[in-house]
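Here the structure is laid out as structure tokens; the discussion comes afterwards.
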Amino acid sequence: MSIDYLLQQLTNALSLGSIYALTAIGYTIVYGILRLINFAHGDVLMLGAYSAGFVFSQLYLPFSVAIVVSMVLAALIGLTIERAAYRPLRRASEETTLITSLAVSILLQNLAMMIFSPQAKKFEIPNYLQTIHNLGNVSFTNMKVLIIVLSVILMLALTLYTKRTKMGIAMRASSENIDAATLMGIDVNLVVRTAFIIGSALAAVAGLMLSGQYGSVSPLMGFVPGLKAFVAAVIGGIGNIPGAALGGYLLGIGEVLFVGLLPSQYSEFRDAFVFIALIVVLLIKPTGILGVEEDRRV
């Protein structure tokens, strides 16, 4: 096995890990504040991909505009989901909110099938993103470069936002103790809306990246990546933004190396590897790599 082969797999892993990381951050932002696992998050990713594809291939607008439009539309979808489905259940049991999130997920998938058709469609990207570069024996496209660079920029921007702005600090305070944050005068409803806006916008970017890399979009495309991103968030420490990013990259690297280094007959077990990795991490450190034990007092 050559160094060039390992480097090639590493470029694949970084692009896949970037997609997982962006999606996992959306999970972890919402969970950190509401302790809510939003299983409809992967379907917001799917709708973001559809909207970007429509803007670029049907309206013939620049791809950069398609990215922005998909983020805005996904943010609006996230806000609608929060207001219609989750806010009325703010004080409900975890089982109730979990079932609701699964119901919202199924609803979004079926709406996408009705609007766009159940069959997968081609996802077009600009020619300049299809350009292939060769660095020695390692090849990569501009699309992969965009995925990695844009993901890093968005994650750094989010880190600065949560540490340097009033709303970011309010989000961190709410994630520590939402009831105490309310007593301190923080508008928790605004914080929750902001969390859904940010998480949904990042999911849209992840969706168009995923479709851009593999060249297709379908109503069910967000289900498995959404589950894997949730696994990444748990591995890194759900509720912890750096942990979600770390978990995403570790999962992407592990999955690609699993497929690339083992004989081809084992490649069909790549999804099983993801969940085995989750079990192993939870057995060793139940809170995730960067997670901390919650102090639960009665």
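The backbone N, Cα and C atoms fix where each Cβ goes, and this holds for glycine too.
Per TrEMBL, the feature transmembrane segment maps to 12-34 (among others).
Residues or ranges marked as transmembrane segment by TrEMBL: 54-77 (among others).
The transmembrane segment annotation in TrEMBL covers 98-116 (among others). Taking Cβ pairs closer than 8 Å, the transmembrane segment (98-116) reaches residues 36-40, 42-44, 46-47, 50, 81, 85-86, 89, 219-220, 223 in its own chain, all 6 or more past its ends.
Note on the transmembrane segment (145-162): residues 14-15, 18-19, 21-22, 25, 129, 133, 168-169, 171-172, 198, 202, 205, 209, 212-213, 241-242, 245 of its chain, located 6 or more positions outside it, place their CB under 8 angstroms from a CB of the stretch. Per TrEMBL, transmembrane segment is recorded for 145-162 (among others).
Beyond the transmembrane segment (190-214), the same-chain residues lying 6 or more positions past its ends with a Cβ under 8 Å from any Cβ of the stretch are 15, 18-20, 22-23, 25-27, 29-30, 32-34, 38, 41-42, 44-49, 51-53, 66-67, 70-75, 77-79, 81-82, 87, 123, 125, 129, 143-144, 146-147, 150-151, 154, 158, 161, 167, 170-171, 174, 181, 221-222, 225, 229. For 190-214 (among others), the entry in TrEMBL reads transmembrane segment.
Counting only same-chain residues 6+ beyond the ends of the transmembrane segment (220-239), those with a CB under 8 A from a CB of the stretch are 19-21, 23-28, 31-32, 37, 39, 41-46, 49, 105, 109, 120, 175, 206-207, 210-211, 245-248, 250-251, 255, 271, 274-275, 277-278, 281-282, 287-292. Annotated transmembrane segment per TrEMBL: 220-239 (among others), in sequence order.
Residues or ranges marked as transmembrane segment in TrEMBL: 246-266 (among others). Counting residues 6+ beyond its ends, the transmembrane segment (246-266) has Cβ neighbours under 8 Å at 1, 5, 9-10, 12-25, 228-229, 231-237, 273-274, 277, 288-290 in the same chain.
The list of residues near the transmembrane segment (272-292) in space but at least 6 beyond its ends in sequence, with Cβ under 8 angstroms from a Cβ of it, reads 228, 231, 233-240, 242-243, 246-247, 250-251, 254-255, 258. Annotated transmembrane segment per TrEMBL: 272-292 (among others), in sequence order.
Here the transmembrane segment (54-77) has Cβ contacts under 8 Å with residues 44, 47-48, 124-126, 129, 196-198, 200-201, 203-205, 207-208 of the same chain, all six or more residues outside its ends.
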